[in-house]
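According to TrEMBL, the protein carries these features:
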- A:Glu354: active site, proton donor (ACT_SITE)
- A:His385: active site (ACT_SITE)
- A:Lys500: active site (ACT_SITE)
There are 2 protein chains.
Amino acid sequence: MTKYRFHHDPLHRRLLEQAGRMNGPDCHLERLVAADRRLDAFSAMGGGVFYDFSRQRVDESVMDLLFELTEAADVGRQFAAMAAGEKVNVTENRAALHMAARSFSSSPAMVDGRDAKAELQDVLEQIRPFSKAVHQGEITGSTGQAFSHVVVVGIGGSYLGTEFVACALEAFADKNLSLDFLANVDIHNFSSVWSRIVPEKTLWVVISKSYTTVETMANEDLIRRHMQAVGLNPAWHMVTVTSKGSPGDQGTGQELAAFHMFDFIGGRYSVTSAVGGVPLSLYLGYERFERFLKGAEEMDRHALEAPPKDNLPLIAALIGVWNASFLGYPQTAIVPYAFPLRKLAAHIQQLNMESNGKSVDAAGNKLDEPAGTMIFGEPGTNAQHSFFQLAHQGKAFPIDFIGVLNPQTQLDEGRFKGVGHQQELWANLLAQSTALAMGKPSDDPARSFSGNRPSSTIVVEDLEPESVGRLLAFYEAKTIFEAFVWGINPFDQFGVELGKVTAGKLRTEMAARNRDEAHDFSEVDPINRRYLQMLFNGRLD
Amino acid sequence: MTKYRFHHDPLHRRLLEQAGRMNGPDCHLERLVAADRRLDAFSAMGGGVFYDFSRQRVDESVMDLLFELTEAADVGRQFAAMAAGEKVNVTENRAALHMAARSFSSSPAMVDGRDAKAELQDVLEQIRPFSKAVHQGEITGSTGQAFSHVVVVGIGGSYLGTEFVACALEAFADKNLSLDFLANVDIHNFSSVWSRIVPEKTLWVVISKSYTTVETMANEDLIRRHMQAVGLNPAWHMVTVTSKGSPGDQGTGQELAAFHMFDFIGGRYSVTSAVGGVPLSLYLGYERFERFLKGAEEMDRHALEAPPKDNLPLIAALIGVWNASFLGYPQTAIVPYAFPLRKLAAHIQQLNMESNGKSVDAAGNKLDEPAGTMIFGEPGTNAQHSFFQLAHQGKAFPIDFIGVLNPQTQLDEGRFKGVGHQQELWANLLAQSTALAMGKPSDDPARSFSGNRPSSTIVVEDLEPESVGRLLAFYEAKTIFEAFVWGINPFDQFGVELGKVTAGKLRTEMAARNRDEAHDFSEVDPINRRYLQMLFNGRLD
């Protein structure tokens, strides 16, 4: 562990000074972008992605210091150590080998004397024939009918990444299988899914590393009982994705198959493992899932090998830290001008906020200010008709615009006002980043635009499976690079523990009341006692 | 217009001092909530909703000053003036009569000598038989088949509110009509919708006040051409919701029916008008839409009549302003522990950010700091497995927790760990608000929770149509009360204009290139020129 501490490094003070300078009128974005060859100097291409930070509030002096910071923080070495299987998740003494899940090179990734890559490859070799057998009707439910519905039962990292990719590649789903998600313990979620499926044609994919996640286990229990109630054998309608030896692992006869996940891949980084692999291979076909992996691998190689000044996720991470910790923007919006990427923001919200929403560094020192960024977003142009009023005239916040050059569909677009739909979409994307940066003064304050509102533009050529993999890996690497610059551990999440413990105490109170109507919650604090009474009475008063 | 200016009022300085006091260790939420009868003193019930602000960082001194502020800002009079049809949207010289759309009392609401309520009532009287005739198969498409698919074609305020309510009441949708949304100009949105519908059984509801919204008109054009291409007469498959006399208004023979919307109801406040009324009456039946209106009306009456200290949306607005402008939280999350409310945050994101993301007050004075709050959210417990790590250990942000006492479904929940699903959900809701407020120290900094993280809890008894109406009207009134405290106009949105103008210029360039391949974009700034070249080449390089 290096002695580097983000807030105490001399570069931190120098960057704060630069931020002060940037807040001066000479550094308004209108001036910055007017510089010769601004885009050439403040953009990079690699891993199949174009990244433009010309409309971020940086200049060469700022970027030079930020690159110095990556050296002080030893970011490149840490990233390489992660790729090599070192236990970079220091608080949990684990490796972080999500990149091994999509590495098709022959080099091993050793952890505790085992080759993680070989173990991951074995799981892929199990997913491929399984998904094919389902598609061909060789594996069926308990009545012998082919599966037509797949429901992913999992929450958080067992859900959001797969949902993002499934939406992104919906246009490729030609296996006659619908894909649905049961994440929430809310009974409405089960009820809604149950109303859409045909039980005898449904395959439930239950995903939980420990097979003890309360939401997932409560839903698994409910599924088994409801399947039995309609005369089906749940074991023929269920597969699990779980740790070796967990209560959901194969051998108990309670499921068709079990696919392993490993402690060296955290939930929010797991979509390229069996967590995404099983449902996405069923929904899209294994070959497309593999193409998605290969896109991610391409970006991984770029992130590992490109020098800092050409390294897209590293630069994006520096911009992220600069905006959050120096310019003082606590949030960033992700606005893909691509309807298929409509679940990207929800996935990155988890990936980034759960990774980097931390108050201590990796060595256990309290940070002077918490790290992390609040992420939200909706697709453009929808977002323009929603929160962009505030983006233009309220408190400024940085935006990641995402553009796609070639749409997935060959549908005739027609011409409206002389342009096609795809062109109209791009006119809007470019107009927003331009208007936010440049602004426009007016004598009427209500119609005045101060501009100087930063954004990046990320472009991919298409939305083939590879491109979706590239985008995923870009944001994963960006998140991790940010963490390394802040000096934090992006792989643990102790912040979710207190809520779990507190819920457990309240659950015990409820269970006591379920057993004994006279149980009066006298041990519960007065506020929660009132709520428990409301809940058991079913009335507000 | 009053002379009140938010940042210059003496109360502003006094509230800032209170915020300084609140940041001291004596005012940690752990201490505040321990006070006797904390919940009684810091909660209110009305309009069918329970609102608990006991875990907000306020005490009696703070609340007293905030209530004084409502008097200084003349908030009650402004709200009453709005309800009476005064032109409170001063910059556009318009009334703001969304409450008239759900007012079933006999009193008129006069605007420019016309009774707005009577006009709105006329539209309802048109929606009721129309939706019934569709349900009964009396109104059909051009092949005589009954409609089975309804697609709302509209964006922003013509989309988000209806989507929220449709999701919330999905369990009541028994009319054998699916409901889909085509908002985005992105060709993938059309392609995705088109792949799901059966054209001869589809009714398109095109919603645009001016009937010039680019996205909606481009999609309307595409729909007409695609319907014609499959041999259908689009006029038999389309209704419009638009202004009287707009290009989409009845009489041209281009649609089955036209339902009017009015300039005295802004888009983001329009879900209780024909904008929501037509699609929701088709999806749920008119009677349920009317029940939804009656719930909204109940909250409206509460907002109008309850004294400030009992007035839920007013108190919620004061908390909103206190958090944003005094405690310095620029964002708030909305986390409904109710899967049917999964689109609430997206709707309120638009409603609140487009209304209050402003830099000038209603009199045209530049504000010292922009107003408004960034809103995001996901349902609980999903959110716990996503961004709650940051909520507990990163930068703090206020949260609106929403709980529902009785679920919509009577589905057997079973017992897992001794509790049902609905109980598990509530255990989590209460645990999160508790843990965020109280925190928990630890010798291990990585496992330490600082607490003092504010939240409100909003409870409704059920998710019947009335309750959804109450929640909608609560957030509408809260948004407007916030605006009145800040002294801004929540009904205009000049901030979206610059982007539109800029997009128009880029569209013209694209259209020129479509006409002439030699058009070289030489008039375009170098950054956008590069993108236009990429787009027309279809390649990154």
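Any Cβ shown, glycine's included, is placed from N, Cα and C.
Bear in mind that TrEMBL entries carry predicted annotations, made automatically and left uncurated.
Overlay of TrEMBL annotations on the structure.
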residue  : record                    : Cβ neighbours (10 Å)
A:Glu354 : active site, proton donor : 29
A:His385 : active site               : 28
A:Lys500 : active site               : 14
Could you give the Cα-Cα distance between A:Lys500 (active site) and A:Glu354 (active site, proton donor), in whole Å? 15
Local backbone state of A:Lys500 (active site), from DSSP in three classes: helix
Reported as an integer number of Å, what is the Cα distance between A:Glu354 (active site, proton donor) and A:His385 (active site)? 29
